[in-house]
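These come from TrEMBL:
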TRANSMEM  12-32  transmembrane segment
TRANSMEM  44-68  transmembrane segment
TRANSMEM  88-111  transmembrane segment
TRANSMEM  231-254  transmembrane segment
TRANSMEM  274-291  transmembrane segment
TRANSMEM  303-321  transmembrane segment
TRANSMEM  333-355  transmembrane segment
Amino acid sequence: MDGTLTERTTVLRWLLTIAGLLLHVVDVWTDMALVLKYFQERHFLWTGLTLVFVLSGLVVMQIFSFAWYRDDMNDALLKPEGKTSMPGLSKCSLAVLHLHGVGIFFRYYFLIKRGFKVLWRETNSCSEEERKYEHHRLFCLAADLSMLRLLESFLESVPQLLLQLYIVLGHQECSVMQYLSMTFSFLNVAWALVDYQRCLRRSFPNVKDMLSGLPTAVYFLYKLCTIMSHLLSYTLLLILSTYSSVALAVIWLLGTAWTHLLQTDFCSSRGLELLYRAVIGFILTFTFFNVKGRDTRAAMTAYYLFHSLINMAVPLLLALLRPELVTPTVLLSVSGLVLGGSVLGLACLVIYYLFLHPSGKWLQADEVDGLGDETETTSRLQKFLQP
């Protein structure tokens, strides 16, 4: 790849990084404003749940961010030539930053600052090899952010969407702040999914990048429609009975147990690995991810068959057992969205992996098994969601 194309691509990436930072800040701000609103209205249960979702995503993101910085530092001590993504702070300083919840913002600051220096300095101020090294370093920093944002979006934005949908549909409590919170949570999830998938493919030297345009749009629709249909069906399930939250916990435990049985090896410590498996189990509650690193047709088919049965059964159960809980118009509208989203999402899944996937092979759906080990960060991205 020539230097011009690399720089043009990285400039776009730099601008998107700023946009991603702004989206993250606004998403958290609207959620915290919603916490304050519920507290003032004395809805203490909703206040607590909204706050728990916000904090869980932020705390887990800080934990993994610090752990990755620590691993990079240890790797740099063993292999000084591999020191490619260190911010120049001690472990103690980084620990303080993450304990105060600003570790992720430090990552953004360091990436934006470094990207500006690389992209707008004079071309003849460094050799071609130095330019390639600096651009690769920027990718490594962006890759870590992509993974962290993915974890945060599923731990904070997705359950936040589920809670607000339950309140709006089940309790007819509607406000501008609720709609703002749902909108930015939705955008945060969409951004994290597409950004992660593109970073994932770029991490593999022998794997083609996801093309912009139709392939990206179809992949986005596949994920978006399936996740939204799951969220809406879960919402109807909670409206049917709040005790059905136990069923959602069981689905999460099944996903966690499956990840545990696959013996993932992503983290450097046993405790972090268990946390990682629990997080992946939570992600599997809402969307399919390849944690096997090989052919996933059977697992993906079983996963979406199971969730399709849930999507069909829940509206029917609500209509037969407790039709008085929602109006017929709401029930028909939401049921149509659930079934329509499932069909459209699965259709996009098949179209993408049969006709638009960069490799042209269904066997390589959601690759996680990479080749090469140029840096610790690239290796980490290749191991992400991998046994």
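Placed from the backbone N, Cα and C atoms, the Cβ positions cover glycine too.
What TrEMBL says about a protein is an automatic prediction, not a curated fact.
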Legend entry - the transmembrane segment (333-355) versus listed stretches 44-68, 88-111, 303-321: most Cβ pairs under 8 Å: 303-321
Legend entry - Residue numbers, six or more beyond the limits of the transmembrane segment (231-254), whose CB comes under 8 Å of its CB atoms: 158, 161-162, 165-166, 169-170, 281-282, 284-286, 310-311, 314-315, 317-318, 321-322, 325-326, 331, 334-335, 337-338, 341
Legend entry - Sequence-remote partners of the transmembrane segment (12-32) [C-beta within less than 8 Å, at least six residues beyond its ends]: 50, 53-54, 58, 104-105, 108, 111-112, 115-116, 119, 138-139, 142, 145, 149, 152, 156-157, 160, 177, 180-181, 184-185, 187-188, 191, 195
